[in-house]
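As recorded in TrEMBL:
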- 510-521: compositional bias 'Polar residues' (COMPBIAS)
- 31-474: domain 'Major facilitator superfamily (MFS) profile' (DOMAIN)
- 501-529: region 'Disordered' (REGION)
- 21-42: transmembrane segment (TRANSMEM)
- 79-100: transmembrane segment (TRANSMEM)
- 112-133: transmembrane segment (TRANSMEM)
- 139-160: transmembrane segment (TRANSMEM)
- 172-190: transmembrane segment (TRANSMEM)
- 202-223: transmembrane segment (TRANSMEM)
- 288-309: transmembrane segment (TRANSMEM)
- 324-346: transmembrane segment (TRANSMEM)
- 353-375: transmembrane segment (TRANSMEM)
- 381-408: transmembrane segment (TRANSMEM)
- 420-441: transmembrane segment (TRANSMEM)
- 447-470: transmembrane segment (TRANSMEM)
């Protein structure tokens, strides 16, 4: 009995030690640096236009008057502002479309580094627009910044999913969402009147974008490329082994190398799959549909409508305009705390409960918010309930729907399919983002306080689909996840493994021969069969 208890305690200790070993210093630095120069900037640019909106519109009007000798009419000014806000999503769509060939030829890490050219260019254009007296520079900077965001929101989750051990894949994947939230909060803080939220200082809000880019350019080159990319796409066993050693913090990585090679031998295909080929692949049909649904709901569930029009929503809730910037800080703080919480519990609770539960809570709070906004003119304390509902919606979103779609896209697909999958996910993401930014003012105008019921219906549809279709992917290999979808895809696991294109297929024997010769040359420390 004592021996049994002792062995149980030893197993628990081994699990704890193993979990601690998974989080190496290089892995943490790579994830934080990658996210700071990528998803942080996406979140920052979502919120940064809120605070200086009045000053930017004034700048547009003054520039127009200086050029044409008369003030711009209200409808034209509204159109210019709507373009400034929503064109960020058009740039994001462009970035999502071009990311596939870029990550193929340059790799995941180099793509993140090269992407900083877009960020720095956009920052200079936007921050110098007032000095140059050109609002076109600000609009052009927004679309270029969108391209940066479109690339980074595909390349970063791809990089993180490929450098992380499967035991912490979900937690590390949530770093993308956490830094989006930190970026949103930072944009709100810097937009306060005491900092850069003044008429003479608003260009500095856009100049700050250079800082995260420079940090990434200085630190990321000293960290390895994705070992899976090096091994499966570049066939560089030596570099891949060193990358594994750096990220895992141990010398013997023969098991990890063998695991990736075993997956490669099963898949028989490491050539890049196009979007059209991926859509035609029966073995991943429901994985693609699930990614489209989760990414669509990620944007269409209504959170970006809250970010883009935060000030108007709080104003409708009865909050004093001078107080709004400080109340808005609470939304960013709640979002950040909820995202961190999700990152801490995702490997314990799993993806399914957090994703479905998050959408479920959003449905409840959207319904309460609708009632509160409808009746608040009759009841004095209801505006405070509206604020609570907005904070609760944000927290519910960040617990699950805010980050898990990126994690799932990295988990569902094999190496050769992953870039195309992220391109599909990114396209859906940015088209939905643009649609919300463009259509929400009209929905709000037409439906008034009932507008949030539209988003509640979308959340309900998404939660229902995920409840019946999404399997749990926590701590599972690609083959195990594929097996979970096999019945729904109406293919056997063997068919899933063989379901690739002959012209792109590399024989298993040829791959084994290549890697065996690498072993013979002493590139790996232990034999790979």
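Quick reminder: no glycine exception, Cβ is built from N, Cα and C everywhere.
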Message: Take the C-beta pairs under 8 A between the transmembrane segment (112-133) and each of 172-190, 202-223, 381-408, 420-441, 447-470. Which stretch has the highest count?
response: 202-223
Field: Considering the transmembrane segment (139-160), which listed stretch of 79-100, 172-190, 324-346, 353-375, 420-441 counts the most C-beta pairs under 8 Å
entry: 79-100
- prompt: Short question: which residues 6 or more past the ends of the transmembrane segment (353-375) have a Cβ under 8 Å from it?
  reply: 294, 297, 301-302, 316-317, 342, 345-346, 382-383, 385-386, 389-390, 392-393, 396-402, 404, 449-450, 452-453, 455-456, 459-460, 462-463, 466-467, 470
Query: When you scan the chain for residues with a C-beta under 8 Å from the transmembrane segment (420-441), skipping those not six or more beyond its ends, what do you find?
result: 82, 85-86, 88-90, 92-93, 95-97, 99-100, 146, 150, 153-155, 157-158, 272-275, 277-279, 287-288, 291-292, 295-296, 298-300, 302, 304-305, 308-309, 405-406, 409-410, 412-413, 451
